[in-house]
Amino acid sequence: MIKKIWKSAALMLLATAAVPGISLAETAPLTIGMSTTPTTLDPHEDSSAPNNATSRHIWDSLINLTGTSANEPELATGWKAIDPTHWEFKLREGVKFHDGSAFDAQDVVASLLRARDKPSQGFASYTRNIANVTAKDPMTVIVETSVPDPLLLNSVSRIRIISADCADASVQDFDGGKCAVGTGPYIFSSFNPGDRLILKRNDDYFAGASHWSDVTLRFLPDDGARLASLLSGEIDIVEALPADGMSRVEQSDALQVINGQSSRLVYLGMDVGRNVSPFVKAADGSALTENPLKDERVRRAMLMAINRPAIVDRVMQKNGTVADQFVAEGYAGHSEMIEPVGYDPKAAKALLAEAGYPDGFRLTLHGPSGRYVKDSEVLQAVGQMLARIGIQTQVEVQPWSMYSEAYPDGKFSVYFGSWGVNTGETTNPTVALVATRNEEKGTGRYNGGAVSDPEIDDVLAKASSTLDETERLPLLKKLSELTFGKLWLLPMHYENVVLGAKKTIRYTPRGDKYTLAYFVEPAQ
Amino acid sequence: MAISLIRRLIQALFVILAMTVIVFVGVSVIGNPVDILINPDANQAERLRLIAHYGLDQPLWKQYLLFLQGLMHGDFGDSFVYGRPALGLILERLPATFELAISALLIAIVVGLPLGLYAGLHPHRISSRIIMSGSILGFSLPTFWVGLMLVMVFSVELHWLPTNGRGATAEMLGVQWSFLTRDGLAHLLLPAFNLALFKTSLVLRLTRAGVQEVLPQDYIKFARAKGLADRRIIFVHVLKNLMIPLVTIIGLEFGSLIAFSVVTESIFAWPGMGKLIIDSINLLDRPVIVAYLMMMVVLFVALNFLIDVCYTLLDPRVRLDAKA
C-alpha cells in the first residue's frame, strides 16, 4: 500500500514537473509591430520608451514595473529601507544569464553604476540620487542615496541588470549581440537596426518560460506599413493602430482592437506668470494691459467651453479618455476630491463676463503637429469651441523639433502640453509642470506658464522626502487637488493605448504603452 | 583624363566643404537637439552635462572646427541618438538602399527603353498610344499612393507578396543582399516596382522623343538607302544616338533614387538610408544629417563623372580633357 502511494506520488510529481515542457509548443512564433524604433540594444544608453520596451525582452530589473506602475519582485525578491538613505535588496537565488553564468550582486552593482555613469546620461533622472551601490554579500545589495528618495524603487525598476562582464562594453557590443545577454524571457538571436530584432525563448526563465518560442519585434513607424502588415496577417499585434484603420480592423473576422488607458496626460498650459501675455489681445485687437489668464475664473470658463467628451470621441476617434487630474483612478495620488469640470458653454460665457470679459478676447493657441495623438486636430477643435464663448482663437502648430524648445521657455500664452506620468504617482508631473522653476533644484523645467504656488512647492518638498507610503499618499493627493483646484493647467485627456491584434491572442495594455511579448497570451 | 579627374576631385572637395558649412549653420538654426533627446525628467545639471557631452556648449564656429578636425581623421562624429559613429550607421544601411535603387533602375531601363523605342518607331499605332497614355499615369500618380495601393492589392487582398520589410538576406562580398534569396526577392519586388514607376515613364518618354528626333535625320535615310537591315539601323544608328541624353538622365536619376527614396522606404519599411535620414532630421541628429548630406554630394559628383566617362565611350567627339 505504502509502496503504491509512493508510486502514485512519484508519478504525480513527474507529471507536474513535465507540465511546462508539454504545454510549451515547439513552434509558437509571435511578431510584434512596434510603432517606434529603438536606437540601440544597450539598455543603459538612452531611457526612451522604445529602448526600454525592447530591452525588457532580454533583460530583467531588480523590480518589475507592472502595467499600472506598481513594484513587483523580479531579480530582487525583497527590499527594505534600512535608514532614510540606505536600501537593502535581497537577490533571487539560482538565476542564470543566457550564457549560463550565474547572476549575483556584482552584476547588480555593475549595472546600476553603469547606468549612472554612462556619458550619454540617459538614465540620469533615475540615478541622480544614487550615491553608491555595494554588495553586502553575493545575494544582497545595498543602495545608498544622497538624499531620502521615495522614488528609488521606481528608479531601480527602470534599470536593466546586465552581466558584470559587459560593464565596460560599448553600444556596438550590445547591438552586435556579444553583450546582448540577459536573464530575461528571451534570448538574442539577431538585430537589424531600424528593421527588426529576432529573439528565441529562454527555456530556463526563472518566472516560467514564455509561451512564444520565437519573438520578432518589427520596427514600423509608418502607419500605413504597420496597418498593412496586420491586415495581411504577417504580424500578430501592432502598436498605435492608426485611427483611420480602426474600422477595417473592427470589420475583420480575424482581427480585434485592443484599447486601454495610458498614463500620458495631455493638458493646456496657461501663461499665469506675466502681467501681459504675448498672444492675448483685446477683442478688438488692441493690446491688453492685464493678462486674463491669471484670473482663475477665465481658466475655468475656458475649460467649461471645451467639449472634451466630443473631442475624445470624434476628433481622437476614441483614442483618448477625458482627464481631470494628473493620474487616473488606480494610480497613487488620484484624488476623489477633484470635481470634474463639465461642458457648459452658457455658464462659461457668464463666468467670462463675471471676470470682466463679456466680449471675450483674442488668443493664439500653440501646439506641436504629429507628436501626440491627433494633436493639431484637437487644437483646432479647442480653438473653435473657445470661439463660441467669445474668445477669438487662432491655432498655430509647429514641428516638434521647433516646438519642443519653445514651449517650456514660456514663449506662448496657451500651449498644448503632454506628460507621460512615468512613475505612476503625482510628484513626477508636479516637479516638471507646476513647481516653481528653479534650475538648481531642477524643478519646473516644463513649467512654461510660470506657475508659482508656494503651497504646491511646500507639499512637493515634503512628498519628495517622505519614505513612508501611508504618510506620503495624502501628500500626493494634495498635489493633484492644489493643481487642478485652481486649474493651473487645463486637463484635457489621457491618451489611450490602442493596439490591433489577431483574435488568437490576448493582451492587457500597459500605462506606459510598452508591448511586452512575455505578457501576450494565446486566446483560449 | 588624369588632370580632369584631379580637377574634379578638388571641385568636389570644395562642394563638400561648402555643404558642411551650409548644413552646420542650417541645422543649428532649427531647434535644440538636447530638448528632443533628453529625458523630460532630467534636471538642469543633467541637462548641462548632456549639452557638454554633445559638445553643444561650444560656440558654433568652434563646433565646426572640431568637426573638421575629426573629419581629417575620417571621423564624422558620433550620432547623438545612436551613440555610434555616424558614418558607420549610414554605411550599414547603404546596401539596402543601393539594392533597391539598382533594382528600380533596371526595371526602368528594361521596361522603359523597349516600350519607348516601340512607341517612337510606330507612333500611330493604337498600342503606342496606350503606352504613352500609360506613361502619363506613371508620371502623375504620387508614389506614396501607388505604394499603398500595391500593398493593398498584392499583399493584403491577394496575399501574393509580403507587405514590407527586407526579408531573408544572403551574403555576397561581405554585405547582406536581398536579391540572392527567394524570400528577399519577393520582398524586393513591390518597393522596386513602386520606385521604378516614375523612372520607367521618364525613360520611356525620353526614348520615344529621341527616336522621333533621330529618325528623320539624314544619316538614317542614308543608312536606309544603303540597304541596311532595319535591325542594324535601329540598334546601332538610332539607339546609339539616343544614348547620350538617356545616360545623363539615368545617371542623375540614379543619384536621386538613392538620395530620395524616402517615401518608398517608409511605406515598405525598407531599412535603408532614406528612413535613417528622415528619423535623424526629426530628432535633429546633426552628425548623421551632416554625414549623410556629404555622402550625397560625393555620390552626385561621382555619378556626374561617370556620366562624362560614358559620353566619351558613346560619342567620340566628346573628350573629357577638352571639356574640362
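Positions of Cβ are set from backbone N, Cα and C atoms, glycine also.
Sequence annotations record features per position, and here TrEMBL assigns domain 'ABC transmembrane type-1' to B:94-307.
Per TrEMBL, transmembrane segment is recorded for B:12-31 (among others). Among residues of the same chain six or more beyond the transmembrane segment (B:12-31), those with a C-beta under 8 A of the stretch's C-beta atoms are 60, 63-64, 67-68, 71, 284, 286, 289-290, 293-294, 297-298, 301.
Look at TrEMBL and you will find B:100-118 (among others) tagged as transmembrane segment. Among residues of the same chain six or more beyond the transmembrane segment (B:100-118), those with a C-beta under 8 A of the stretch's C-beta atoms are 127-128, 131, 179, 188, 191-193, 195-196, 199-208, 210-211, 234, 238-239, 246, 250, 253-254, 257-258, 261, 264-265, 270, 272.
What TrEMBL lists as transmembrane segment is B:130-155 (among others). Remote same-chain partners of the transmembrane segment (B:130-155), defined as residues 6 or more beyond its termini with a Cβ less than 8 Å from a stretch Cβ, comprise 115, 118-119, 161-164, 190-191, 193-195, 197-198, 200-202, 204-205, 208, 263-264, 267-268.
According to TrEMBL, the feature transmembrane segment maps to B:175-198 (among others).
Away from its own ends, the transmembrane segment (B:242-269) comes close to residues 97-98, 100-101, 104-105, 108-109, 113, 143-144, 147-148, 151, 163-165, 190-191, 194-195, 199, 202-203, 206-207, 210-211, 214, 275, 277-278, 296, 299-300, 303-304, 306-307, 310-311, 314-315 of its chain (Cβ-Cβ under 8 Å, at least six residues beyond either end). Annotation comment: TrEMBL describes B:242-269 (among others) as transmembrane segment.
The transmembrane segment annotation in TrEMBL covers B:289-314 (among others). Away from its own ends, the transmembrane segment (B:289-314) comes close to residues 5, 8, 11-12, 15-16, 19-20, 23-24, 27, 67, 76-77, 86-87, 90, 240, 243-244, 247-248, 251-252, 254-255, 258-259, 273, 276-277, 280-281, 320, 323 of its chain (Cβ-Cβ under 8 Å, at least six residues beyond either end).
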